[in-house]
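Q: Quick paste from TrEMBL:
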REPEAT    9-41  repeat 'WD'
REPEAT    132-173  repeat 'WD'
REPEAT    233-260  repeat 'WD'
REGION    317-342  region 'Disordered'
REGION    796-844  region 'Disordered'
COMPBIAS  830-844  compositional bias 'Polar residues'
TRANSMEM  989-1009  transmembrane segment
Amino acid sequence: MPCERKPMRYGHSEGQTDVCFDDTGNFIVTCGSDGDVRIWESLDDDDPKSISVGEKAYSCALKNGKLVTAAANNTVQMHTFPEGEPDGILTRFTTNATHVAYNSSGSRVAAGSSDFMVKVVEVSDSSQQKTLRGHNAPVLSVTFDPKDEFLASASCDGSVVVWKIEEQTQVISWPLLQKSNDVTNSKSLCRLAWQPRVAKLLAVPVETTVQLYQRDSWALVSTLSDDLGTQPINVVAWSPCGKFLATGSIGGLLTVWDVEGKLCKHEKGYTVCGLAWHPSGTQIAYTDTEGCLGLLDGLSSSSSSSTMAIKKSYDDLFDDNDDDRPMDEGVSESGSPAKNLVALDDEDDDDLVPATGRARNRSSLKLGLDKLGNYEDDAGSAIVLPAASAAPLHPVYEGPMPTPHQKAFQPGSTPAHLMHRFMMWNSVGIVRGYNDERDNAVDVEFHDTAIHHAMHLTNSLGHTLADLSHEAVLLACPSTDELASKLQCLHFSSWDTNKEWMVDLPKGEDVRAVCLGQGWAAAATSALMLRLFSIGGVQRELFSLPGPVVCMAGYGEQLLIVYHRGTGFDGDQALGVQLLLFGRNRQQVIQGEPLPISRRSHLSWLGFTAEGTPCFIDSEGVVRLLNRSLGNTWTPVCNTRDHCKGKSDHYWVVGVHENPQQLRCIPCKGSRYPPTLPRPAVAVLPFKLPLCQTTTEKGQMEEQYWRSVLLQNHFGFLSSSGYEIDEEAQSRAQKEQQELLMKMFALSCKLEREFRCVELAELMTQNVVTLAIRYASRSRRMALAQRLSELALEKANQLQGPEEEEEPLQYTRRNTGGGTGRSSAGGQPRATNVLDSMTSSSRKPTVLLGSSVSAGKLSKTPVLKPLAPRPKSKVPHPDRKQILSCYYIPVALWVKYHVFVCVRPKTGFQLWLEENRKSILADNPDLEETDVIKEAMGRFRNLSAGDRLVRHLSVVSIYVHYPCHRKFKRDNQPTTQKLFGKTSRPVCLFYAVVVYAGCWLVFPLNGAWG
């Protein structure tokens, strides 16, 4: 029979633990640093009996119905077993007791302490004590000679001492261990073990080996070592028959000598600190420093054969039976199933080959009959350890191991094998299941009693699955040899008198998952089928699933399904997800995409938020939310492990809310599931996106902003689905986002990150951009203010939407100067004037500096980029470096015209204030500047979007160039040399330089804009 490693389970908080069996082997007793002693009926017992013995419990021992524990209150306590009633204090020390052990008959208890003393106490009369003094450091462990003559102890002073109990003297002392000043600082616990029954050998763990000392002669007869053992051994334990020795190292390696499964790797990789054999010798219980309890099963206790051969084929690598494992225990904590051992097919060869394919050196196993002798026990069997022999190896697979499929489960429920369990806990209510000798029933309780009163249902069919909604209770049971799997619905919101219906599934098809929605019910079966029903019991659509279902969840018209899309490797689950809508426009929103759970984890909860957003939680405690605005991607919003005090603590989720942003869950100390009684309290955890540098002010504001944006997406979904939304809450969320953007903008300004400021302004609304412009102006960042003004104009155009075609540009000339451009006496322009022939061209003009102006209609986003004027120049003129195209204009005569140009409407508070400042001051002449701005802002808010558009008739100055000869005096007229540097030869073209808003624009007046 191969050695089978049972999946580990959480028993205590992290720290030192210990384990033992009762005399019958029906109970496992553990203790831990949480101060509790727990009595387990089996490894699958999810409701063990707990006894509190103090702040911490370091060791426990059980014999003849008497349970003794070494507690942190300097006492060795006794309790009755299995009642767990206190039975007095056996002995006291001046400091903590570190280890306790019974003798073979159970009449004496030995206890070691940190005060360097060892006490031997009579159980029947605790006043009869013997104190063994001689250690110079805290005692690590004690063990009785099976013949009750000697006692061995190990200490932090580095010595292992054998005492003669009656004389209270040392027989021999070996300096074998590394010295330390305390048990917690010791490299190893050095749990000694004396061979039972024959009492011939004392096993002492020394570094990575086990040294065997012969009784009476106290000579070292053998050393057990293994090439795989690279960490010090912490604890050793002999089997009840005295033939086999089990060891556990601080590296998590379990080794059993002279058994079929000679080497089994501890699945978690944490320090093994407790080891106990079952009285039958077929099992080994062990605990580690993480508070976990494990079990090795299938160990042979037969003494009829002195040597045992292991036959394992290459196919046994994948021969793991996971059918009986709980839904969350099919995967080890590291995520990867432990690799089984591969042995040789030769019957005469007992040399094991580890899964790495590297043969181990077993020469150290040879004890030698000349040294060990032939020690006979009471049954006459001999201890003979096998010898090593060489043989060819089978091919060994060294790649990643396949991960067992996670079993189907119901979100919001506890394991089905519990007698008292939660069948469903959601936002509507609680469904409890009871299956004991007194009752087999289902209780339904509603959070809001206005929905329905509590119900008590008889569970005669053995329902194991349940779901609860505002309309109905849905139950399902597996099939038996006589009955088919059934789906039962109690439609309590129905207006008729018959509120219950039931459906039998086809033969051989079992219900694996159920869920309820608005007006429908769904059941996923073992035949990879999903069956839909109306809430009244009418069969509707059915379709095949791409893989075995893991779980389902429903909300309104949404159905969320998670299934196995393949086999994962190296501890990873390969899960797929589908999201379907059953509304008027039926559609599949998510079509079988991979579900992004954490590495080496499994799914632990699936559902919807109270606002209808799909979300899920994996075994690593990461909560992920569907981001509809980013292509239906999943965003992590919380990690429950950040709030756990110990590694064995968990949070059991019962609900998720986006408004307010909180996760509702039940804290479970040392367990994954809460007990049904008393009713557990619900805790609230906040959301936090895993952004970088969240300890800085910038990172905190970024996390708050994007979390608010993510959790606001449900408003758009609900609105598009026809649901009423809380407009006030939506407005508050948007206001919070804009405030955060403005704070980040101000922080970026202080850090002189102007490009970052523009990036933040792109996320702002138009009104907040206006505030950002004012902030940049007051901070004397004019370049930033100019870019923000352009951005504000673009945002205004986007809000305005598609505009109607505007009228062509019209020009009206008013002569203000003399010369050739002088108007006639009648006020009408001369027919020969060059401005008379200026008409809007049908060609699309290209203006300098990148501005584009349309002749027939204006550009959609006419953004002017003004050139920065020289500060001390009386007459602004362009900088040659800033002009994209230079026209070399000859000496000319310039005539100045004032032209009214109809430009595109501009928006923004500042432009509106410039136009209306005079009217505000006329109405309120006593207002100061700040009061004027406040009054203007009040008026500006009351305007409609159309009234906020200001159409300007701006006066621009145009200098018209007439071609002429060089004989004109350059001193009296402005020349192109002053504008552009160098005078070129005369050309017969007309030019105009337009000065508008600080910009110099040069146009050729030859019928087209330049």
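Cβ from N, Cα, C; glycine included.
Quick one: how deep are these features, and who are their neighbours?
A: When Cβ-Cβ distances below 8 Å are used as the criterion, the repeat 'WD' (9-41) is approached by residues 48-64, 67, 69, 71-72, 79, 81-82, 84, 189, 273-280, 283, 285-294, 329, 646-649, 669-672 of the same chain, each at least six residues removed from its ends.
Per DSSP, the secondary structure of the repeat 'WD' (132-173) breaks down as 0 helix, 24 strand, 18 coil.
Per DSSP, the repeat 'WD' (233-260) is made up of 0 helix, 16 strand, 12 coil.
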Q: Should anything in the same chain at least six residues away from the repeat 'WD' (132-173) have a Cβ under 8 Å from its Cβ atoms, list it; otherwise answer none.
A: 95, 98-105, 108, 110-120, 179-183, 185-186, 188-199, 202, 204, 215, 218
Q: Please list the DSSP helix, strand and coil residue counts for the repeat 'WD' (9-41).
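A: DSSP classes over the repeat 'WD' (9-41) add up to 0 helix, 15 strand, 18 coil.
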